[in-house]
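Over in Swiss-Prot, the protein carries these features:
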- 1-50: region 'RdRP binding' (REGION)
- 1-100: region 'Chaperone activity' (REGION)
- 1-175: region 'Viral panhandle binding' (REGION)
- 1-79: region 'Homomultimerization' (REGION)
- 4-71: coiled coil (COILED)
- 80-248: region 'Interaction with glycoprotein N' (REGION)
- 88: site 'Important for the endonuclease activity' (SITE)
- 100-125: region 'Homomultimerization' (REGION)
- 103: site 'Important for the endonuclease activity' (SITE)
- 150-175: region 'Interaction with host RPS19' (REGION)
- 175-217: region 'Viral RNA-binding' (REGION)
- 178-181: motif 'YxxL' (MOTIF)
- 188-191: region 'Interaction with host UBE2I/UBC9' (REGION)
- 373-421: region 'Homomultimerization' (REGION)
- 373-429: region 'Interaction with host DAXX' (REGION)
């Protein structure tokens, strides 16, 4: 009953506030009619927003009251001796107990979860902002991503920065960058920004700026990304001139050497990708070419690997038709799975890392990238792994275990002290 009383009091209080707010709104409307300057117009907008917010809150409290009264009535109904709910269609009770009621009112079946994003609309939205707020938001959603997402789950957050503003009637106002933080039950619109879509589009549009500022996601940092991208132009050039095991050599000549090189294989891959083009992604690439963005034009570009520095969950659409780029992202995903498997096999590592015995970065990346209309060439991933796999695995950050002699000495000191102060068995360090 106390909860019912609290809701009724809130309804009464909000009704009183609405009466006052509506009166203030009428007064401002009269003032604007008499003197329609910018200050009065701004006040009018804020009064309207205040009334709207109060009406929304009142409607919410009335819904809560209706739900509470309904649940109390249900509780007062006599319990069926069979244990069946009154609207259950079964004649005899199931062996399963009744679980939670899942409210699906908020779900829009015309916009099902997991649909392909509208990358052109998202790209247009992002390129309308100053670079400073974009990179700061990227930092918050990559380098500090886990904490930001955890604190704001289930809400639509706004990023604000002095570099991002718009002028309306001569008044400068903040231009917020909106990003949705969905839960597992959320349904996303095609043009709605989520952390994954944001990282994907920004990494694809501004890799040179990310490289210059050295913005790297922790997930990429621990697989040795900084080591891998060092001297990238030389590294990729060495890879491209090597003979490809999937192309057969017919005779000794310089021209023949090129025709059986990894470079020739990637050229063949690029021809195959031309048949997979989607108009929406082509429009996005044209949009990027006409403005400030710096997407790579080839896998040889110095900024090419930096497309994946903030761990986008798929290959960014701006470079999906560049031979080898989607496969390079898949290579990084496999490295993340490999490191997680190593961490799960060790005695060190966080509890979360030990739980990740089945890591699925690669499967997730593959599924999301292929939803954009291309099939990955796994032979290119194999070439990358053969060329660089051994070297980069040696640069994984694995959280060094304690030296055996140091562990033995520390344990002996623990045992000695515990015996002095307690009769309990000492724990192992």
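For all residues, glycine too, the Cβ spot is worked out from N, Cα and C.
Under DSSP, the residues of the region 'Homomultimerization' (1-79) split into helix, strand and coil as follows: 72 helix, 0 strand, 7 coil.
Within its own chain, the region 'Interaction with host RPS19' (150-175) is flanked in space by residues 38, 41-42, 129-133, 136-137, 140, 181-183, 186, which lie at least six positions past its ends and keep a Cβ under 8 Å from the stretch.
Note on the recorded sites 88, 103: the fewest other CB atoms within 10 A surround the CB of 103. The two recorded residues, residue 88 (site 'Important for the endonuclease activity') and residue 103 (site 'Important for the endonuclease activity'), show a Cα separation of 17 Å. Long-range contacts of the motif 'YxxL' (178-181) within the same chain, counting only residues at least 6 positions beyond its ends with a Cβ under 8 Å from a Cβ of the stretch, are 137, 141, 149, 152-159, 188, 192-195, 198.
Across the range of the region 'Viral RNA-binding' (175-217), the DSSP-based residue counts are 18 helix, 5 strand, 20 coil.
Within the region 'Homomultimerization' (373-421), the DSSP-based counts of helix, strand and coil residues read 34 helix, 0 strand, 15 coil.
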